[in-house]
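**Student:** What follows is a structure written as structure tokens; I'll ask about it next.
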Amino acid sequence: MATKVHVGMETEMNGNGVPETFKNNWKKRLIEFSGKMKRSPGWLWRTIWKVGREDPRRMIHAFKVGLSLTLVSLLYLMEPLFKGIGTNAIWAVMTVVVVLEFTAGATLCKGLNRGLGTVLAGSLAFLIEFIATKSGKVFRAVFIGAAVFLIGTTATYMRFFPYIKKNYDYGVVIFLLTFNLITVSSYRVENVLKIAHDRFYTIVIGCGICLFMSLLVFPIWSGEDLHNSTVGKLEGLAKSIEACVNEYFNDSELKENQEKSSEDPIYKGYKAVLDSKSTDETLALYASWEPRHSRHCYRFPWQQYVKVGAVLRQFGYTVVALHGCLLTEIQTPRSVRALFKDSCIRLAGEVTKALMELANSIRNRRHCSPGILSDHLHEALQDLNTAIKSQPRLFLGSNNNQANNMLALAAAHAARHNKPENDGHGVSLSSVKTDSSALMEWKTKRASEQAKENERKVLRPQLSKIAITSLEFSEALPFAAFASLLVEIVARLDNVIEEVEELGRIACYKEYNPEEDEIIVKCEKPPVDVAKNQLPTHASD
């Protein structure tokens, strides 16, 4: 059978009738695949090194999981343990895989949820079984089915309660699973009590190994992660503000960073703050389950850390707007920006110092310096105010020139719209023309209409931009926005300082000592209203 070739296509055939282009594509793909396979070992090693270097605790956690699985596998490998537990030892392995998390708080949360759900489900299942055995077989089946329906519906509906969903959702799932396994199995299996005991023991063994590894072997605390992330967010905001102001007053041309925003150091500084809401809430939840492991055994103020994170996000929105001033379409000329360079850089430097002082106070668990809002910040604000007042015409402009510019724009706009246009009252002669001439005329008319429409679409943004740039004070508008955002940052700094000071009071931070010769600890019991704002104490507390 001859190979069909479409008209206009030139295909070379080899001896077997296979297109030559198809063969060349496969050769190219094989070469690319072999090149990727050769580069994969190096890529894999770089990825392993990068992940471990970012957080060395990841390697520690991996070893802890491997050691836990090895210990729980002894229930199978050692003959005496296997005879006592049997095949139910697989529940211990499953418990280790599911429960052992990265931080101690997460492991405690899941482990205690699993244990509590198993105990409650087993107790309720034995109660249902005790009532069902006193009746006939038919009534027993109906009673078990009704109990499964009622308990399953109630427990599933309770999962939608905000407090239960936040703290005990995993425990409710384990409760449903265990209850159904025991209740339904009891109808066909006579010795269900022994099976339940064995599964409960294996789950307890698995949870015990997980808790031992999480709390005693290189423990990783969720509270410490929340503490360190708060410090990192303060430092990131400080670096973003400093880099943003320096770039705005840089003598070189501003570069477009829209396509490479992920590589922008300014963007990196505030990105972690804006994306921290879910992370802070998760770490705070796990920290609430952790035991009091601090030096003074006071409860970890996880709720106050969440408040600090919320204030930092509000502060970060202003930094985002400040960064947007670098990417606006209309920029203030460098000659105008140079008039306010020193005062703005000085103000940004004082804000950066304040944020770094807050970060250091949280890192070292001490109260803030009394001079965090020094007179230098007030002087920098006054310098900026004086510099702006010294250039009134730059921001207000001249009323006469402004009026003339606006009148000129209005006249040009009216003249453009009052041009005589063809209103369509002329006689159309297309009916007496030939078909070809009428078609050509219609195409020409259609092309001219499309050209006018495209020109109108392009003209509209150009006219709006011209209208803006024709204003006398348009060159100062972008800088006015930039300066107002700097002042707004200073205003919002008070809220951040207030929340950090409250954190230091609740967490019993040591008093500030510039020489650090002695550590003065001032701990006062939190007032009643602060204690009421905290969530109810968990069983692990």
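Each residue, glycine too, has its Cβ placed from N, Cα and C.
Pulled from TrEMBL, these are the listed features:
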TRANSMEM  59-77  transmembrane segment
TRANSMEM  89-108  transmembrane segment
TRANSMEM  138-158  transmembrane segment
TRANSMEM  170-188  transmembrane segment
TRANSMEM  200-221  transmembrane segment
**Student:** Would you kindly check 59-77, 138-158, 170-188, 200-221 and say which stretch has the most C-beta pairs under 8 angstroms to the transmembrane segment (89-108)?
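**Tutor:** Ranked by Cβ pairs under 8 Å, first place goes to 200-221.
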**Student:** Tally Cβ pairs under 8 Å between the transmembrane segment (170-188) and each listed stretch (59-77, 138-158, 200-221), then give the stretch with the top tally.
**Tutor:** 138-158
**Student:** Mind checking which residues of the chain, 6+ beyond the ends of the transmembrane segment (200-221), have their Cβ under 8 Å from one of its Cβ atoms?
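**Tutor:** Beyond its ends, the transmembrane segment (200-221) has Cβ neighbours at 57, 60-61, 64, 67-68, 71-72, 75, 85, 88-96, 99-105, 107-108, 111, 114-115, 118-119, 122, 287, 290-291, 293.
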